[in-house]
């Protein structure tokens, strides 16, 4: 009979058990870190765009568009820039307020204006106001208090797709309606793609696309620096609990130069989940296996991997089987091309298949990497010569082994029927 576990004891032991985490909050998507690795160029471009807010406040209304995919640092960079610019302006005696509005959350012009009023701590009357009336109260407040407002409209492409043209026109071309000398309202528009602005009327578009700053997807080495910043400088984890191999794996799997999305948010999320898995297994450190398990749960492309395997030719499958077999035999994270080739030849011989030559296998490895079925890196210090190191992007599981065996068997049977 199975020994029953006391639920209360289980919960208490789990709560009081050891953890790899030191400060989970710095892994939260809303966290604004002290440093923004690899976004210095974009911050400088933003500063160039808005420096007249400091040098000649109110001389002109400044507008800048930020473009980039999800997880490329658009939101965190603008929030950090806005806060720092506000502090610099205030020290110089300029009353600048930075307000960040997410257009997906505040889905109408009215809700957007209410958010701005709340951020400015401007009390509004209880009676229902129109958007125009609300805006007038806000602008009168800016005039009365001698305030300049830098407004970021995040996910502005969503606002464009759901709002009436007149609301967009009102927001963007407000100074066509206001006869004032001092321009107190300045914009940062954040969109995922510049093409989202193509549906706008030319008169509106010309007012927005004055200056465009691009946020490209992060490369693997950039993601590595970002993760290390959270680990070392932001102290997300206890000292020496995160292995370098785990960080490199997450960086490589998500790096744009390695076929990933370049999404820093996803990379940080993967690291956090790897930590939770390590805690669940009572492990004092986060290993590459924890990172692989986290990736298999969090990466939307994992299901694509299994679908892709079903379409592979026999010798691609045999190569994957060889890598999988090495992961089971040895407690290593990566294997040299020579070791993989040797294992592949052994498996081929056991199945009565003529192994492919080295040059052909190298091409197979290149293609498997492009398909996202393996990850590769070049050997560093500690290895003689320069060789390609190979690993799987997901942990070796019973399901993966069964799938490979099943597909290999199917190809062999098909080959026998055709011969």
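Residue 1 is the first one shown; counting continues down the chain.
Glycine residues also receive a Cβ, built from the backbone N, Cα and C atoms like all the rest.
What TrEMBL says about a protein is an automatic prediction, not a curated fact.
TrEMBL lists 72, 73, 74, 75, 76, 218, 230 with the feature ATP binding site. DSSP assigns residue 72 (ATP binding site) to coil in the three-state reduction, outside any helix or strand. The Cβ of residue 72 (ATP binding site) lies under 8 Å from the Cβ of 215, 216, 217, 218, 262, 263, 264, each on the same chain and at least six residues away in sequence.
If you look up TrEMBL, you'll see 320-403 marked as domain 'Cdc6 C-terminal'.
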Give me the long-range Cβ neighbours of residue 74 (ATP binding site): same chain, 6+ apart, Cβ under 8 Å, in sequence order. 66, 68, 154, 190, 215
Give the mean pLDDT for the domain 'Cdc6 C-terminal' (320-403) on the 0 to 100 scale. 86
